[in-house]
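Heads up: the structure comes next, in structure tokens.
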Amino acid sequence: MERDLEVANTLVDTYAKLGLFLEAKQVLSALSSRDVVSWTVLISAYVDYEFSDGAFECYEQMQKEHIVPDVVTYVCMLKACNNPDALAKGELIHAEIEKLGMFESNLLVGKTLVDMYVKCHLIPRARQVFNRIMVQDVILWTSLIAGYAEHGPSEEALWCFERLQLQGLYPDAVTFVCSLKAAGCIGALDRGQEIHVEAERQGLLECNNVLGNALVDMYAKCGMLSMAQEVFSKLSVQDVVAWNALITGFVEHGPNNTAIMYFDKMQLEGIFPNAATYIWTLKACGDMGNIEKLRGIHAEIDRRGILEADLVVGSTLVDMYGKCGCLSQAVEVFDRLVDKDVLTWNALIAGYVECALYEQAIKRFDQMQDTGISPNAATYVCVLKACGNSGAADKGIELHRQLERHGLVESNLLVGNSLVDMYSKCGSISQACDVFNKLPVRDVISWTTVMSGYAQIGESKTVFCFFNNMLADGIMPNLITFLVLLSACSRTGLYHASKTFFEVMSQEYGIQPTLEHQNSLIDVLNRIGQLDNAISIIREMPFCPNIVVWRSMLGSCQKWGGATFAKGAFDHAVNLDERNAAVYVLMSHACIAKDIAVTNRSHC
């Protein structure tokens, strides 16, 4: 009888390993009695073929037959619980293991438990199990490092890498790959370079292309693109992963045209782009506004049938067409997508906002909700911007109520800041201030946004008060903060205050003024009639004046007189944009003002 069962189990195992599960189950069903091996060989095969449901069914059936699982069964079942959806089952199996006292007696069980919790994204639990294991080998450390590298915090992955070495263990190629990923995620260039040196010392780079790709990726993420290129050039095999790492680095750190150059070059080398390649290259086109290249890549994606197969590629195309102002093409791609998720809708809504079609953006938001897609924080940020820019205060209030219900105002700073901005732009400064005061955490954007709201209504003293409170809170100002301060000064003609802020930004905070800051300073002088001083600043500033400067000058000439200044400002403005109607209107008003002044003097 035992011999028959052994032969039957071998037959079940053979069928199962070949993926012939129906035949394996038929043999199993024909047995008058089954043991733990009978079920475990089938469970093991289901796990190997990634048919977790089959493994769970077998496990439940063996328990119904009162067959006690052994160590191998538990290890296989823990492997079946390899995603967050299976966490509850994994925890039940863990509890059984603890009850039977298998954890302390078997290292493999402990390792598999750590791996299960990592794959279920429950890294703190993985760490708890790890700490209880007496013998911590390289595989165990690597499993934990991989978890931290994938789900964070990356600093912990690097700490584990260091501890592993302090214990006298030698990292393997997988350990190095995971540690390099962690270093790249947080821009820890020094640690990444140390890992590079260690991997080179162990002679692993010459024989492991995955490790080489990880090095290219780490240097690219840290912005060390010259080093990324150097490592890339030494790779024995430059596969699509290596090319993608390089392209991604240039998209994230610039210049974008180099990313596009590498995209073209990889195809000349006979490497076919994958979905990730297209996504990053499309982003490069969008950031540059390179519509011609964007359309070319779109055509290539269509030829390869990727648009219908990959939603992220489709969403990226919608997003980039929107960024380039090609909204009709964005809508065309959007309509072709069979499945649409929140990212796809966000891309389309952002496109409408980018093109200043705010009402359509709000309509699309409503349409999205009608189709059953729930907005996320990014959706709300985009639609709040549309409400603020179009003055749709009622819709903004409705969104505020939705956000309160979802608890997003307090939990998401970007959403909170967007609400403050929306109310400020709609002229509801008291509501903006109310939202601002309720924010549990405030950053420089929060403070600058509420200051901007008060600047818009000419409340310069309140702006300065908020600025002082911001500094007292330990928040450092940025370029936009000083632009708001200068704008507040400009609206109320406070030249001395504006001059002080202009000097303070560079002398005390190391922030170099941009053309916009110079424009604000000139605008203050124009508003108070100091045209000579305004011209002096224009001549001395390190930027070429733009049309905003000359329009401001023309407006001042109308108010204060100054025909000579008006003629010069008009000539400069026309040279920059001869089709700008506002320039001609301002010049005609300046001339009328001059004629009125002459007439008035002749009557005196």
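Placed from the backbone N, Cα and C atoms, the Cβ positions cover glycine too.
Features as listed in TrEMBL:
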- 35-69: repeat 'PPR' (REPEAT)
- 137-171: repeat 'PPR' (REPEAT)
- 239-273: repeat 'PPR' (REPEAT)
- 341-375: repeat 'PPR' (REPEAT)
- 376-410: repeat 'PPR' (REPEAT)
- 443-477: repeat 'PPR' (REPEAT)
Helix, strand and coil counts within the repeat 'PPR' (376-410) (DSSP): 31 helix, 0 strand, 4 coil
Long-range neighbours of the repeat 'PPR' (35-69), counting only residues six or more past its ends (CB under 8 A): 5, 8-9, 12-13, 16-17, 19, 21, 24-25, 28, 76-77, 79-82, 86, 89, 96
Averaged pLDDT, computed only over the residues in the repeat 'PPR' (239-273): 97
The repeat 'PPR' (341-375): DSSP-derived helix, strand, coil residue counts: 26 helix, 0 strand, 9 coil
